[in-house]
Amino acid sequence: MTVNRTTTPTSRYWIVGGLLAGGALGVFLGLGLSTTPETVGVTEPGVVVRFAHPLVRTLLDLAATIVVGLSLLPKLLGFSRPAMTEPVLRIARPAAVVAAAVWAFTALLSIVIRAYETRPDAELTMPMVVDYVQRVGAGQGLLFSAVCALVYLWIGVMAVRRGESVPAELRILISMFGLLPLPVTGHASNWKYHDYSMISMELHVLGAAAWTGGLAAVVVLVAHRRGLLAEALPKFSKLATVALVLVVVTGLFNGVLELALNPAVSLPGSLFTTSYGLVLVGKVVCAGLLAVLAANIRWRLLPQIAQHKATAIVAWASVELAVMGIAFGLAVVLSRAQVA
């Protein structure tokens, strides 16, 4: 098999590390752009929780996204050449199990952190966490997501043992199903158009997960195999184009709707005078950069990859994934940013 000289299997850790580092950078950047005024007479949860919650939530989102991408990989590679695809999938399947375990753990940890945030002056106990889940929809959404991650973990272990006899479609369905309650746990939505906003946000989350997770899976596991890359990347490119449009349209819809329907602020000034607006502008900048990077891969590199030529796909995709990580971190901060 021809090996692409632009990457080696050892570089996959750096690529994933870049995605995670981008997520952390996005969180700190978002927190720097936003301000949360202190409430008189209310005990604040503290600096540690202020940073811990968005970092844990970003790790949750990225872990779930990686699960989605690894689940999509068999469909991108196809099933006509098992001798070539199986060595890749033997790595992807256990990696998805590990990512699902991280997803489940961070979802449960997020519940604990959120429960503490509601009563930072009280001792953190299991009854307090249970009460939080029973009372607050965000806790219920996180718990449902954790359950989906655990179900995927079980099915993923079966896939490790039995291979592709465990349908890829089932793994895709469960991983994406586990993403659906996440908008309830974070992103605010104006109640006047709550139903439309929630549907739009769920599409936004699904599109971002398929785009980011799919790119990470292809670049990390397939980029050094030119034959498989020539098969998988054109399929992913079509998926990424749809996801890009979906993410941009739904993101702008929800962001502008949140500002437009808030009586305390007015557009376009609120984009630059509110925490929510500033973080939203940061996400828009990331979306613009991602569109340019994606266009470069599709229109400049893809024709060469289709001819099995060596390219700088790993370098360009690594930058794109790092920017995606920043966008994920900003999205987490945006979900809690002050609109007024």
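Backbone N, Cα and C atoms are what each Cβ position is placed from, and that goes for glycine too.
Just so you know, TrEMBL annotations never went through curation; they're auto-generated.
Computed from a predicted structure; not experimentally measured.
According to TrEMBL, the protein carries these features:
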DOMAIN    231-334  domain 'Copper resistance protein D'
TRANSMEM  12-34  transmembrane segment
TRANSMEM  54-73  transmembrane segment
TRANSMEM  94-116  transmembrane segment
TRANSMEM  136-160  transmembrane segment
TRANSMEM  172-191  transmembrane segment
TRANSMEM  203-224  transmembrane segment
TRANSMEM  236-256  transmembrane segment
TRANSMEM  276-299  transmembrane segment
TRANSMEM  311-334  transmembrane segment
Stretch winning on C-beta pairs under 8 A with the transmembrane segment (311-334) (pool: 54-73, 136-160, 236-256, 276-299) is 276-299
Go through 54-73, 203-224, 276-299 and flag the stretch with the largest number of C-beta pairs under 8 Å relative to the transmembrane segment (136-160).
-> 54-73
Integer mean pLDDT for the domain 'Copper resistance protein D' (231-334) = 92
With DSSP as the yardstick, break the domain 'Copper resistance protein D' (231-334) down into helix, strand and coil residue counts.
-> 88 helix, 0 strand, 16 coil
